[in-house]
Every structure is written in C-alpha cells, then in structure tokens.
Amino acid sequence: MDEKNIPIRTYQVCNVLEPNQNNWLRTDWIPRSGAQRVYVEVKFTLRDCNSLPGVTGTCKETFNLYYHESNEDRESYIKESSFIKVDTVAADESFTQVDVGDRIMKLNTEVRDVKVTTRKGFYLAFQDVGACIALVSVRVFYKTCPLTVRNLATFPDTITGADTSSLVEVRGSCVNQSEEREEPKMYCGADGEWLVPIGGCLCNPGYEERGGACKACRAGFYKAKSTDPGCAKCPPHSHSLRDGATICDCHAGFFRADTDPPSMACTQPPSAPQQLISVVNETSVVLEWTPPHRLGGRSDTSYSLECLICQTGSHSHTGGRFCAPCGSDVLFSPGQTGLTTTRVVVSELRAHTHYTFIVHARNGVSQASGAGAAQSVSVSVTTNQAAPSPVSSIQATDVTRHSLSLSWQQPDRPNGVILEYEVKFYEKDQRERSYRIMRTFSRSVDVTGLNPLTVYVFHVRARTAAGYGEFSTPFEFSTNSDPFPLIGEGVNSAFLLLSVSGVGILLLISAAVFIISRRRSKYSKTKQDSEEEKHLNPGVKIYVDPFTYEDPDQAIHEFAKEIDVSSIHIEKVIGMGEFGEVCSGRLRVQGKREIYVAIKSLKAGYSDKQRRDFLSEASIMGQFDHPNIIRLEGVVTRCKPLMIITEYMENGSLDAFLRKHDGQFTVIQLVGMLRGIASGMKYLSDMNYVHRDLAARNILVNSNLVCKVSDFGLSRVLEDDPEATGTYLSPGGKIPIRWTAPEAIAYRKFTTASDVWSYGIVMWEVVSYGERPYWDMNNQDVIKAIEEGYRLPAPMDCPVVLHQLMLDCWERDRAERPTFSQILNMLDKLIRNPGTLRRTGGERYLQCTKAKTEISSSKWSLCEWLQSIGLERYRDTLAAAGYTSLDSLLALTHHEFSSHSLLMALKQTCFAFVDCI
Ligand code: ACK
C-alpha cells in the first residue's frame with residue numbers, strides 16, 4: 001500500500017536472518033538520448049534492523065546502486081563485475097511515515113547522478129546485501145536548460161554538460177526581423193539554469209522590440225537604424241502611411257536635404273532676403289540686407305550674389321534694360337557665394353555704370369525643392385565717377401647719358417576720358433627728397449636733363465575729370481655713359497635743384513596754412529545762418545515762404561498740382577493729424593501707374609486761418625524735390641474736404657518704427673538711415689529752409705528703410721506738436737524743448753545750426769531705438785542740465801564716432817556745430833570704413849562697476865572717479881555746486897540727489913551711479 005492506502009507493486013527482499021546475501025535486480029537498457037549525466041531517483045522503504053528481533057549481525061540497512069554502459073539494448077547476461085558502483089544508498093532521516101495496517105512504513109527518496117558518456121545507453125542495477133527492503137519506484141532523467149529568448153536571440157532547449165561544474169556554451173540565433181549586434185551567447189549550467197547572456201540582437205530598421213519579438217512600427221512612426229531605441233513619432237511636417245517605416249515622407253511642399261537625419265523635421269527653402277540696401281562709393285557698392293522673413297525651419301541659410309551689368313535699352317529684362325553678367329574682375333568681399341553674413345562689399349566696378357545686384361537666399365533644401373527666383377531680392381545702382389586705376393607698366397627706350405624715352409599703357413580702368421598723365425621721377429639715391437614732375441597728353445614722354453650712369457625711379461599716374469588716380473608702382477631705369485645724342489643738355493642739375501626747392505617751399509607754406517586753419521575749428525568755420533551769402537550765390541534755389549503771398553491760393557497753385565478727387569481711392573485711416581484724419585489709399589493719374597499715397601484732410605468747420613495753415617504745408621513741400629524729403633503728389637482744393645496727397649511711407653514714423661524693431665538693425669543700417677536724414681536736411685538747408693521741428697517722430701520710413709523728412713508748415717512748430725510746450729518763455733509760441741538748441745529756446749534764434757542741434761538729438765533717438773531724449777527728466781531740468789554743460793550720453797553700443805558727432809551737434813556756440821554737408825561727408829566716410837564704427841563706449845559702463853568697488857574702499861578722489869567713468873568734464877560744475885570730494889557725494893540723501901538736475905543727469909549717464917554712491 002502506498003501513502004494513500006492504494007496497493008502498489010514493489011520489488012522486495014528481506015533475507016535478514018541469512019548471512020552473505022547478494023541479491024541483484026537489474027533494469028532494462030535505458031537509451032542515453034544525448035544526455036551526459038543522468039539522475040536516478042529511487043523511492044524505497046527499509047526496515048529498521050532494531051525492529052526485527054534476533055537478526056543481529058546479519059541484518060543490513062543499505063543497498064548498492066550500480067550502472068553499466070552499453071550500446072546493446074538487449075544484453076541477456078551482464079557479469080556483476082562489469083557494473084560500476086554509483087553509491088551505497090542508506091535510508092534517509094527524512095523518510096515519510098506511512099501507516100500500513102498496524103505498521104508504520106517510512107518511504108525514502110534518494111537521488112544519485114552519474115556520468116554516462118561512452119555508450120548509447122546503460123543499465124542500472126540494485127544489489128541487496130541483507131537488508132529488508134522494498135523498491136517502490138525508480139525514475140531516471142536528465143536536465144536541460146529550456147528554450148528561451150534573451151536579448152532578442154533564441155536559445156534552444158539544451159542538455160546540460162557531463163560534469164556538475166561544466167557549462168555548455170550555446171550560441172543564440174536572432175529572432176525574426178532582427179540582426180546581430182554582438183554574437184549572442186549564453187552558458188547552460190549543470191543544474192539546467194541559464195547563466196547571464198552575452199551579446200544579442202537588435203530589431204531591424206522599421207521594427208522595435210515588443211515582448212521579446214520585433215514588431216513593425218505603426219503608421220505615423222518610424223525607426224531609421226537598428227540601434228535606435230524604438231519607433232519614434234514622425235518629425236514635424238512628415239508622415240508614414242504604412243507599418244514598418246524606416247523614414248517618414250515629407251508633407252507636400254516640405255523637403256529633406258541629403259544630409260538631414262531622418263529625425264529632423266522636414267523643412268522649406270527660405271523666403272527672399274529683405275530690406276536690401278546699397279551704398280555706392282565711387283566704383284564700389286556696399287550691399288546689406290536682412291535675413292529672410294521665413295527661414296523654412298532651418299539654420300543653414302546662405303546667400304549668393306548675382307551681379308549684372310546693365311545698359312538702358314528697349315529689352316524687357318530687368319525693367320527695360322539689357323543686362324549681362326559682370327566680368328570676373330569684379331571683387332566681392334567676403335565672397336560672392338556661400339555667404340553666411342548679410343553684407344558684401346562689391347568693388348572694382350566700372351565708373352558711371354548701371355548694375356543690378358540680385359541676392360539669393362538658399363538653404364539645405366533649396367536644391368531638393370527646385371526653388372528658384374522667388375527667393376531673391378534685387379537692387380539696381382549706378383556707380384559714380386572714379387579716378388583712373390594706376391598705370392601698370394612703364395618701358396624706357398633711347399637711353400643715353402642724359403635722357404631716356406618713357407612709354408606706358410593706358411590704365412586697365414580709366415573710368416573716363418584721360419585728360420593727362422603725370423610722370424614723377426627722382427634719383428634713386430635721393431629717394432623722394434627731391435623729385436621732378438612732367439605732364440603729357442600722350443602715353444610717352446622724353447625725359448632729359450638726367451645725370452649719367454644714375455638710377456632713376458619713375459611713377460606715372462593718369463587724370464580724368466574725376467581727378468588723379470594713384471601713381472604706378474616704382475619703375476627703375478639707369479642712364480648710361482653713351483654721349484650720343486645729348487638731348488636736353490641745357491637743362492642742368494642746378495635748374496633741377498631750383499625747381500625742386502621751389503616745390504618744397506610751396507609745400508611748406510600750404511602745410512602751414514592747413515595746420516592753422518585746422519587749429520581754428522574742427523569743422524571749417526561755418527556760416528550757419530548767412531542767408532545773405534546764399535542769396536548772392538547764383539544757381540541755388542531758395543525756398544519761398546508761402547506767407548509772403550497775399551493770396552494763399554496763389555501760392556498753393558504755384559507749388560502744388562491740383563488733383564481730381566476721382567483719381568483718389570481712399571483705403572483706410574492710418575492716424576490723426578493736426579487738421580484731421582490721415583488716410584492711406586491709391587492715386588491713379590492718367591498716363592502714370594497707380595501709386596500708394598497718404599492723404600491728409602482738413603476736417604469740416606475750419607477757420608480761414610486753419611485753411612491757410614493746412615495748405616501752407618503743401619506750398620512748402622511742393623517746392624522740394626529730393627529723395628529724402630517727403631514728396632508732394634498734389635492737393636485737392638476744388639472740393640471738400642481739402643486734401644494733401646503725399647507719397648506713402650509704409651513703415652510710418654521713425655520713432656515708432658525703431659521702438660517696434662528694437663535692436664534689430666546693424667550699425668550700418670542705422671547710419672544709412674541717419675545719412676538719408678542728413679542728406680534731406682542738407683537739401684533743406686541749401687534751400688534756406690529751417691525746419692524747426694526736426695525729430696524722429698517727424699521722419700517717415702518707407703519699405704526700403706529710406707528715411708524722409710516730413711512735417712512742414714510754419715505754425716505747426718508753435719501749435720500742433722504735442723512735444724512743443726508753451727509754458728516756458730516763448731511769447732511767440734511753443735517749442736519742443738528736448739529737440740531744440742538753447743539759443744532757439746532762449747531767444748527764438750532758429751537757424752540751420754539749430755536744426756543741426758535737433759539732428760544730433762535725432763541721431764541719439766535713432767541709435768537708442770526710439771528712446772525718449774533725457775528720459776523722464778522734466779523740461780525745466782533738461783534746460784538747466786544743458787545750461788550746466790550736461791549732454792546726452794552715448795546710447796548702448798553706440799560707436800564712439802557717432803556719439804562724438806552728436807556732441808559736436810550740441811556745441812553751445814552754434815558756429816562751432818558742423819554743417820549738414822559736413823555731417824553728410826562724415827557719415828559717408830563711416831559707411832565706407834565700417835571698421836571705425838566698431839569701437840563703442842561700452843567699456844565705460846564696465847568702469848562704472850569697477851568704480852563701485854574702488855569707491856567703497858575709499859581709494860579714489862572725486863576727480864579720479866569722474867575720470868574713470870569718462871565724465872571728468874563735469875568736475876568743475878560739481879565743484880561749483882559744492883561737491884569736491886567723494887564723501888560729499890556719499891553724504892547726499894536720495895532726495896537731495898534727485899533734486900539736483902546735474903546729478904540727475906549724471907545718474908542717467910551712468911546707470912551704476914546710484915549704486916556707486
Ligand atoms: O507713425 P505713423 O504711422 O506715421 O502715424 C502718423 C500718422 O500718419 C499721423 O501723422 C502717419 N503718416 C503721415 N504721413 C504719412 C505718409 N506719407 N505715409 C505713411 N504714413 C504717414 C504717421
């Protein structure tokens with residue numbers, strides 16, 4: 001009976017009373033089936049010898065387990081001696097008690113293992129040597145490490161090794177849709193357990209690991225490389241429609257460059273570059289533009305420049321001009337293609353020639369998209385006159401003791417008709433200490449009066465209407481000892497000496513005159529308000545004050561064109577003017593193309609004076625014709641409301657425009673705007689017109705960043721400008737204090753020089769992107785601070801040269817201020833040499849911070865500190881106000897501090913000032 005009282009069959013033996021027992025029981029042949037170590041689990045019961053009375057000496061409590069390896073599955077007789085003993089098996093302590101009737105049976109389970117490697121199979125045998133034993137069951141098995149998938153590699157069911165310590169190395173195979181990363185390997189231990197896996201596989205592109213298998217990426221996802229961690233969502237502007245995508249396709253209109261990784265969003269080519277401006281300087285042109293409005297989602301925008309040389313003609317390309325590519329002799333700096341900066345200097349152009357420059361913007365997908373002309377902007381320019389280029393080579397012939405004949409080629413770029421050549425030469429030993437000059441109309445000259453056997457150095461230069469070009473490089477020729485023919489013998493060296501010393505004296509005198517004139521004034525003394533002088537100057541058009549006309553309508557019809565109201569199409573209101581609304585709209589005059597215009601109207605119910613004042617602006621504007629002065633298209637006076645029609649300026653007034661684009665322009669662009677304003681003001685001053693209300697709010701800006709002076713009229717300075725104030729002095733009207741020169745505030749001395757002062761303020765407004773001059777100081781404080789010598793400081797990042805120009809415009813003595821013509825020259829020079837704009841006063845603010853530490857350690861005197869922050873010119877003023885030491889400043893309360901206008905101004909100048917204190 002077994003534990004559950006079910007009858008079972010057992011092999012039994014119990015010859016405990018007889019000595020020398022040797023009873024064998026043998027199994028059938030057991031095939032090895034590839035196993036190398038087999039396990040034998042034996043279940044048996046064994047009688048305790050003590051429980052058997054009278055058996056001492058013969059009774060045993062063990063049996064022996066044997067095995068015999070064999071290829072034969074039917075061996076009928078195997079000798080006992082051919083069996084190998086596995087073990088002597090004893091009953092275990094932990095046997096199970098089984099009640100069998102009135103007896104308690106103890107069922108033992110013992111497992112033994114044995115290496116079987118030599119034959120196909122084996123037999124087991126049990127030897128009893130005198131125990132009372134029943135063999136209940138024998139189970140024979142071997143162990144395997146079961147089939148498994150690790151690191152995406154499948155490892156098969158593997159039979160363990162022969163020894164208890166042996167490890168079987170197994171190579172895995174990659175699962176479907178995967179590839180080997182590193183040879184997948186694992187060891188199968190003797191106990192049937194796998195050890196740590198080595199290497200493994202990775203899912204193929206388009207597949208990711210899910211539950212130990214490689215599954216296709218779903219639509220909308222992709223996996224590009226097997227090493228990518230998993231399927232990723234398609235990047236912006238792309239999609240995948242089917243499962244298993246290795247890359248996402250771009251949406252229509254979006255592209256991917258060959259070098260773009262699949263994880264990058266699909267992108268677009270850039271839009272056209274913007275705001276291309278050109279500044280012509282003789283035969284070079286500076287082109288500058290701003291990056292495209294739309295970069296297409298990429299950061300690899302580059303530009304290339306197309307240069308076309310154009311002749312005016314009947315051809316339809318480029319606006320009725322015939323254009324051909326510029327020659328290879330044109331220079332582009334820093335280059336013509338692959339540009340990453342937005343400024344190019346084009347030089348070596350021909351003088352007096354029309355050019356068209358096209359700036360193309362491209363990026364990595366421009367080619368893929370097949371995009372062409374849409375991404376470019378162009379500008380047409382005409383180069384100015386320029387001096388001829390240097391003569392490149394000189395030859396000497398007919399050389400004798402005292403003479404030689406010199407000849408040369410015309411310069412490569414004469415840039416005009418050559419009027420004459422100048423030859424300069426000297427003895428090489430003398431260097432240029434004494435030289436002779438000869439002039440000739442032809443390309444050769446006979447030089448005589450030379451010393452024999454002497455080396456001479458020759459330079460030649462050409463002159464056109466534009467002036468002299470540069471001298472050629474030096475060419476050396478030597479006279480010889482040949483006496484024949486002695487041309488020009490009469491010119492001896494004494495004459496040479498005389499002429500040279502004459503030239504020297506002349507040079508000395510002119511240098512002295514130059515130095516003296518420089519000493520007198522930085523800007524050659526100007527007759528800022530010498531109306532008489534201009535009246536005397538024939539050919540200069542003088543502005544006519546419309547108020548000198550008795551009948552104001554006569555003035556208006558003299559200077560402005562009457563426009564038929566039916567040709568005006570008003571579109572929208574853009575602002576409020578002094579006399580009524582300002583609208584934008586279109587004007588179509590017969591025979592001309594339609595243009596955009598601004599329309600100012602005079603509101604109903606006006607007085608006679610208002611009508612006159614309103615129309616006076618048109619009468620003034622109508623007299624001007626300059627690219628930097630707002631152009632009058634005409635007036636409507638024959639029906640109501642009265643209107644003044646001017647050209648339309650897309651970007652509105654300059655102050656608001658700059659505030660809107662704070663920090664977005666290059667210094668060159670800002671200087672370009674200032675140049676435009678200066679050019680307009682020069683024109684006005686040449687016409688003897690004094691503007692009186694020059695301020696950034698009265699400058700208008702068009703879509704090409706061209707600035708034009710506007711807001712003309714006589715009464716308006718006194719009445720319509722909200723900046724003008726009537727509370728301070730001015731029996732004659734209101735004055736925009738912050739923009740007005742001190743003499744104009746004090747005794748209404750409005751002149752071109754006071755316009756120059758206002759221009760300096762406009763410069764400051766432009767460079768500070770529309771900041772309010774003198775910030776929140778009140779008008780009284782501004783007047784006082786100016787009186788005490790305070791001037792606006794350089795705005796952030798303002799080039800030192802520009803601030804110096806502002807300070808010059810703000811000279812107390814109006815005769816010391818530059819003229820608009822000088823300002824214009826100066827700005828042109830800066831544009832030609834942008835390097836000069838590089839130095840800014842930024843370092844002063846640094847020094848301010850430094851001063852703070854120095855002051856707290858009381859190392860500095862007041863004077864030293866003012867010096868360190870570039871404000872030493874205020875020392876005397878501070879001293880006069882009783883501040884002679886840093887301590888006296890430190891003792892100031894905040895209230896006292898802000899009640900002193902100069903200190904207030906200083907505070908604004910150096911924002912660290914308060915902190916310093
Ligand atoms: O700053 P804004 O837009 O520019 O607002 C004022 C407003 O009308 C009242 O003067 C605008 N404005 C005046 N003249 C013109 C013009 N010719 N083109 C465009 N805007 C103009 C000005």
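Note: Cβ is positioned from N, Cα and C throughout, glycine not excepted.
As written in TrEMBL, here are the features:
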ACT_SITE  ASP693  active site, proton acceptor
BINDING   ILE574, GLY575, MET576, GLY577, GLU578, PHE579, GLY580, GLU581, VAL582, LYS600  ATP binding site
DISULFID  CYS14-CYS132  disulfide bond
DISULFID  CYS49-CYS59  disulfide bond
DOMAIN    1-150  domain 'Eph LBD'
DOMAIN    269-386  domain 'Fibronectin type-III'
DOMAIN    390-482  domain 'Fibronectin type-III'
DOMAIN    568-831  domain 'Protein kinase'
DOMAIN    857-902  domain 'SAM'
TRANSMEM  494-517  transmembrane segment
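Annotated features, which come from TrEMBL, shown on the structure.
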residue	record	Cβ contacts under 8 Å, 6 or more apart
CYS14	disulfide bond	ARG47, ALA131, CYS132, ILE133
CYS49	disulfide bond	VAL16, VAL55, THR56, CYS59, LYS60, GLU61, CYS132
ILE574	ATP binding site	VAL582, CYS583, SER584, ALA598, GLY652
MET576	ATP binding site	VAL582
GLY580	ATP binding site	LYS600, SER601, LEU602, LYS603, PRO641
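Its own atom aside, the Cβ of GLU578 (ATP binding site) has 20 Cβ atoms within 10 angstroms in the protein chains shown.
Checking the recorded positions CYS49, CYS132, ILE574, GLU578, GLY580, VAL582 against ligand 1, the ones whose Cβ sits under 6 Å from it are ILE574, VAL582. When secondary structure is read from DSSP and collapsed to three states, VAL582 (ATP binding site) falls in the strand class.
Within 10 Å of the Cβ of VAL582 (ATP binding site) there are 18 other Cβ atoms, across all protein chains. Across the domain 'Protein kinase' (568-831), the prediction's mean pLDDT works out to 89.
Using the Cβ center of ILE574, GLY575, MET576, GLY577, GLU578, PHE579, GLY580, GLU581, VAL582, LYS600 for ATP, the list of other same-chain residues with Cβ within 8 Å runs, in sequence order, CYS583, SER601. Counted with DSSP, the domain 'Fibronectin type-III' (390-482) comes out as 3 helix, 42 strand, 48 coil. Cβ neighbour count for CYS132 (disulfide bond) (all protein chains, 10 Å cutoff from its Cβ): 22. Reported as a whole number, the C-alpha separation between ASP693 (active site, proton acceptor) and GLU578 (ATP binding site) equals 14 Å. Look at the domain 'Fibronectin type-III' (269-386): DSSP puts its residues at 11 helix, 56 strand, 51 coil. DSSP labels the residues of the domain 'Eph LBD' (1-150) in these numbers: 6 helix, 79 strand, 65 coil. In three-state terms derived from DSSP, ASP693 (active site, proton acceptor) belongs to neither a helical nor a strand segment and is classed as coil. For the ATP site listed in the record, the two most distant Cα atoms among ILE574, GLY575, MET576, GLY577, GLU578, PHE579, GLY580, GLU581, VAL582, LYS600 lie 14 Å apart. In the structure as shown, the Cβ atom of ASP693 (active site, proton acceptor) sits within 10 Å of 23 other Cβ atoms.
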